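Before any comments, here is the structure.
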Amino acid sequence: MSHLPILLLLLLVSPGLQAAPTQTMPLKTTQVNCSNLREEIVTLLNQPPLASSNFNNLNREDQRILMKPNLRKPNLEAFQKAVKSLQNAAAIESNLKDLPVCLPTATNAATQHPIRIKDGDWNDFQMKLKFYLKTLEIKQPQ
């Protein structure tokens, strides 16, 4: 009896030899992880001693900048830079480092400046980052 059919069957079902998921086959776990990552950052932003600032208080210009698809990456970089000037923000900084994989690919190059965050101002940082995360949530399917 030949072992060839059994060997071929094993090759077909072996997980190590199956095709890896590609960009055209999105992983559900990646989407879930991005959603969890956004939620974790918001939870950290809402912890005392921070006041629970409402991002509805953002001016229209800041909202427009944070919502622009071609500014998603530059805005994230602005938050990554700003978090370094804040005290006790190591957990948020760590999560922001993981967030780039959750950004959709920009279709156009940024033609304007990203969001400005007041140096060392938790409330400004918190309000703008919450709004930014909300725009990412809206743009990405869950």
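Cβ coordinates come from backbone N, Cα and C, glycine included.
Quick look at what Swiss-Prot annotates:
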{"type": "DISULFID", "residues": "CYS34-CYS102", "note": "disulfide bond"}
{"type": "CARBOHYD", "residues": "ASN33", "note": "N-linked glycosylation site"}
{"type": "SIGNAL", "residues": "1-18", "note": "signal peptide"}
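Counting Cβ atoms from all protein chains shown, ASN33 (N-linked glycosylation site) has 14 others lying within 10 Å of its own Cβ. In the shown protein chains, 19 other C-beta atoms lie within 10 A of the C-beta of CYS34 (disulfide bond). The Cβ neighbour count for CYS102 (disulfide bond), using a 10 Å radius over every protein chain in view, is 19. Between the CA atoms of ASN33 (N-linked glycosylation site) and CYS102 (disulfide bond) there is a gap of 9 Å, rounded to the nearest whole number.
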